[in-house]
Amino acid sequence: MISVMAGLATAAILFIVTVGLSLIFGTMRVINLAHGTFYMLGAYLVTVTFGAVSSRALGFTVMLLVSAAIVAVVGLLIEVLVLRRLYGSDHLLQLLATWAILMILDQVAIMVWGPQNFTAALPRAFNGSVQMNGQQFPQYDLFLIGVALAIALALWLILQRTRFGRLVRAAVQDVELIRVLGVNVNRLYTQVFVVGTFLAALGGALMGPATSVGPGIDMNIIVEAFIVSVIGGLGNIWGAAIGAIIIGLFQSIGNLYVPELASLAPYIVMILILVIRPHGLLGKVEG
Amino acid sequence: MHQQNAAEPVQTELQTPPALRMRKRTPRQGLASLAGWVVTLVVFASVPFWLSVDNTLLIEGMIVAAVFALATNFLVHHAGLTTFGQAVFYGIGAYTIGLFSVHTHVSFWVAVVLGPFFAALAALVIGALSLRARAFYFALLTLGFSQLFYNLSMVFYGFTRGDTGIYGIPLPGFLRSPLWSYEFIFIVGAAGGLALWWIVRTPFGLAIMAIRDNRRRAQSLGMNSYVQLLAAFVISGFFCGLAGVLFIVYQQHAYPEMLNWQSSGAPILMSVLGGMSTFAGPVVGAVIYTLLENFVGGITTYWELIIGVVVLALILIYPGGIVRGVVQLARKLGSFGNGGRGQ
């Protein structure tokens, strides 16, 4: 039961990161290799820069949002300066451009924060644990799950109820149609990319105090986020949720029973699911 | 410059059908081209005689990278399959020799021959599974296989020596001399490159390009696209394995990082750097990448930053790659000579 909760907490982070990736892919058809790097930047900002500022719940929450917002500005610059010039060219070029951005930001992070790993204490407000059915659950895990649920609900409302959400859903279906209808697609892409970046950085910011932060954490999360998104079906928000839960649970339960093979679990799950359903659980068939 | 909208997919160099690019050559041009190749081969073959051992090693690294890039480009450009998993086959080529040397008494040469075939066998299995998926799913599935093998090599410590990998793999007899190990890498690498150059020009090579350009039309002409692409996948795996074998002659070290997705991406990066649509492109890209890695890596630990900047600049300025950029520049300069009319 404890490991199920731990699995759900992992799934919560994976969902927050992957839903951003999925949103970007679904709308813009860009596989953003730098997505994990935005996660890493969020984690650095909270752990190293702002973590010390406050250990109260409210202060910490503000710091999460500030960190994610700063990274979102980086995302905005990247979209406007680089990606915007590559829409319509070969997908491979877009992929390599985001890889180049990953390499650049990675090295910048090492220049700024050095090669060492950082660990920060959890904010005091979330440091306790909660009694449920006679078992102890870390408070922070519950907080993560709560945030993920809140984001899922907020995204659902935005996608269903706002003009922005309608445009995103339409763009996932057929971007040409909304362009013909006079929508400024470039601006929509920028907005989606900024939202996606914000979510990646928020995931990192949330994870920062719960893990050790250092070079390379972006490479781990990006591969996991890809796995989650293809399991669920690229560009599908509910697919991201299902994929995150599957991988989160497999990881924590695998850690319990076969710890030496747990690192293989996500890949094996992904290969099995894609061999059975080559376009993911909820994905559409690619043309 | 690239202010186009996603509306009309602009015909970049990457997408131009090859049939439009192959121009008939006059006999004189053919002769000049042949002479160019002969001179290039002689220059490269004689490298150990006029370069220091260090620089000879640098060129060995370039040849290994070039074979890996050509084999990957065959799949990515000619078959139109964006893959992030070719490092599996590169790694299998290298690990075959490493594992044979650690666990058996089988001759080095047997392992050299088996390496590419094991890689091809793995490609048959991985390709058969991956090719059921299309486009991005295919790319990410191959990436998943790459990471699976990477993690496997870390987990089975007793068999693969885990994260340190297998180093100090002994080379037999004459390969221990710097001269002969270079000539071996050069001759085998050149033969591999030539074989790929030839395969692209066979009916099979034309068939996979036809499938890439229009799968449905190719199928209606009676081609079995799944089988043809699987064959391309196996061929690419074979030559990636060959590059892995050459890497052992070059470095005598098989290690897990050879298998992960960054290693899978490197040959694609090289191909795009040099230009995917010309045969020399991936080779030139491999040379530039190796030079950057060595010289910038010698000056600063942040060499990946420089590579990132170079790649980004190139993608934004010359999306067709350096070779095509140079050709275009040369044409532009040439056209001044005939009143700006020529193209």
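Each residue, glycine too, has its Cβ placed from N, Cα and C.
Feature list (source: TrEMBL):
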- A:6-25: transmembrane segment (TRANSMEM)
- A:37-54: transmembrane segment (TRANSMEM)
- A:60-83: transmembrane segment (TRANSMEM)
- A:95-114: transmembrane segment (TRANSMEM)
- A:142-159: transmembrane segment (TRANSMEM)
- A:188-206: transmembrane segment (TRANSMEM)
- A:226-250: transmembrane segment (TRANSMEM)
- A:257-276: transmembrane segment (TRANSMEM)
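Ranking A:6-25, A:60-83, A:95-114, A:188-206 by CB pairs under 8 A with the transmembrane segment (A:226-250) puts A:6-25 at the top. Among A:6-25, A:95-114, A:188-206, A:257-276, A:188-206 has the largest number of CB pairs under 8 A with the transmembrane segment (A:60-83). Counting same-chain residues at least six beyond the ends of the transmembrane segment (A:6-25), those with a Cβ under 8 angstroms from any Cβ of the stretch are 31-32, 35-36, 39, 138, 140-141, 144-145, 147-149, 151-152, 155, 168, 192-193, 195-200, 202-204, 206-207, 221, 224-226, 228-229, 232, 234-237, 239-241, 243-245, 247-253.
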